[in-house]
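As recorded in Swiss-Prot, the features of this protein are as follows:
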ACT_SITE  Asp13  active site, proton acceptor
ACT_SITE  His41  active site, proton donor
BINDING   12-18, 40-42, Arg305, 331-333, 413-415  GTP binding site
BINDING   Asp13, Glu14, Gly15, Lys16, Asn38, Ala39, Gly40, His41, Thr130, Arg144, Gln224, Thr239, Arg303  IMP binding site
BINDING   Asp13, Gly40  Mg(2+) binding site
BINDING   Ser299, Thr300, Thr301, Gly302, Arg303, Pro304, Arg305  substrate binding site
Amino acid sequence: MAVDVLLGLQWGDEGKGKVVDVLAPKYDYVARFQGGPNAGHTLIFDGHKVVLHQIPSGVFRSNITNLIGNGLVLDVIALFEKEIDKLEAFKLNLNKNLFISKKAALILPSHVELDKAYEAAKGAGKIGSTLRGIGPTYTDKVSRHGLRVGDILSPDFMDKYNKLVDQHKQILDFHKHDYSEMKEREDLFFKYIDRLRKMNLVDSEYFINDAIQSKKTILAEGAQGSLLDIDFGSYPFVTSSSTMVAGACTGLGIAPKHIGNVFGIFKAYCTRVGSGPFPTELHDAVGEEIRKQGNEFGSTTGRPRRCGWLDLPALKYACMINGVSHLLMMKADVLNAFEELQVCTHYKLGNGDIVDTLPYDMCTNDLTPVYKTLKGWNQDLSNCETFDSLPQALLDYSAFIEAELGLPITLISIGPDRKETLIKDFSFITA
């Protein structure tokens with residue numbers, strides 16, 4: 001059975017958590033394959049709003065097995081305090097349906113301090129880190145001296161921990177960074193490490209491949225967005241992991257031949273949190289209105305998101321590098337109040353060239369979006385229950401995007417609740 005992959009096509013915050021929750025009944029397994037507590041997947045259902053950071057978004061479906069894969073970096077404090085303990089109110093049986101890879105990297109308290117020190121040292125060149133210790137943890141992983149979840153089962157775990165933290169303290173001292181409060185976080189860290197030992201810790205590559213061989217339906221849930229990918233994003237303003245479909249293979253331990261559908265999620269407009277290039281960003285009242293209507297504030301940091309019009313060259317690029325098979329358009333309702341919409345179809349470079357491809361360096365200021373004006377629907381969508389009941393202007397907007405990208409839009413979200421999701425045809429999901 002194939003593994004379907006769901007990932008963001010922009011700079012994150014596209015609405016992946018909601019879509020996973022909507023599509024989850026079609027799957028036996030939901031597996032996260034990269035990122036960590038820097039991601040925030042928001043689910044709204046039955047009057048509840050829940051933000052998941054590390055736990056897969058299928059956790060609210062009792063018949064679904066959820067896996068935190070080897071590609072994640074795990075913050076055990078946040079895992080328990082912000083997720084597991086808060087989920088107790090929903091009476092979920094996490095002992096039955098949540099599994100954690102032994103190969104997932106551990107975020108140590110000293111990693112968080114390193115993140116703060118590195119970001120402060122960059123001065124005006126800050127990349128907008130969430131300061132959750134993600135980058136330093138991935139750095140230790142790549143340099144082959146990080147700690148992994150499986151290490152907590154080893155009798156020499158404390159020796160490994162102390163050795164690594166001593167190295168971190170040398171770096172922190174070099175940066176003259178005050179880490180006097182780290183001890184308090186360490187106490188919490190070890191408290192939750194003891195709880196983590198009692199969780200379902202598995203050799204996830206065998207776990208997921210056994211599920212494939214048993215013909216189970218599997219959805220790989222990405223975090224952040226393709227334009228934040230460490231290799232193909234707007235470098236250096238990127239995250240530290242592979243946010244692409246290829247990351248599902250390395251972050252779960254599955255062969256490329258097992259990849260099935262690739263669902264690419266995008267907002268009907270664009271947003272970005274933190275620093276970095278954003279060609280269609282709006283600095284006017286229109287941008288403020290989009291932020292207001294979309295409640296565009298980071299689910300992890302609370303920072304206001306930068307807002308702008310839809311960027312087709314960037315979207316086309318993300319579809320190409322991921323081999324997207326189906327497009328899912330989110331937050332169409334945010335644009336309800338606009339009589340006209342702008343869509344970026346090309347970029348004008350500083351030398352006058354007009355292109356529809358992403359330049360090597362998007363961080364230069366000589367890139368101007370070229371827009372096409374489309375008619376807005378300028379009406380409320382709350383009474384729309386099917387694709388056919390959507391206003392013609394929204395259907396035209398959708399059709400224009402489909403024609404430009406050469407891919408079908410099979411889902412349109414018209415509100416935050418799981419019920420406010422219109423699916424053209426469920427047959428596109430693996431049966």
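Note that Cβ sites are derived from N, Cα and C of the backbone, with glycine treated the same way.
Listed binding-site residues near Gly12 (GTP binding site): Gly40, Gln224 (candidates Gly40, Thr130, Gln224, Gly302, Arg303; Cα-Cα distance within 10 Å). When the binding-site residues Thr130, Gln224, Pro304, Arg305 are screened for a C-alpha within 10 angstroms of the C-alpha of Thr42 (GTP binding site), no residue qualifies. Using a 10 Å radius centred on the Cβ of Asn38 (IMP binding site) and all shown protein chains, the other Cβ atoms total 28.
Under the DSSP three-state reduction, His41 (active site, proton donor) is assigned to strand. Taking Asp13, Arg303, Pro304, Ala332 as the recorded positions under consideration, the smallest Cα distance to His41 (active site, proton donor) is found for Asp13. The two recorded residues, Gly15 (GTP binding site) and Thr130 (IMP binding site), have Cα atoms 19 Å apart. The two recorded residues, Asn38 (IMP binding site) and Pro304 (substrate binding site), have Cα atoms 15 Å apart.
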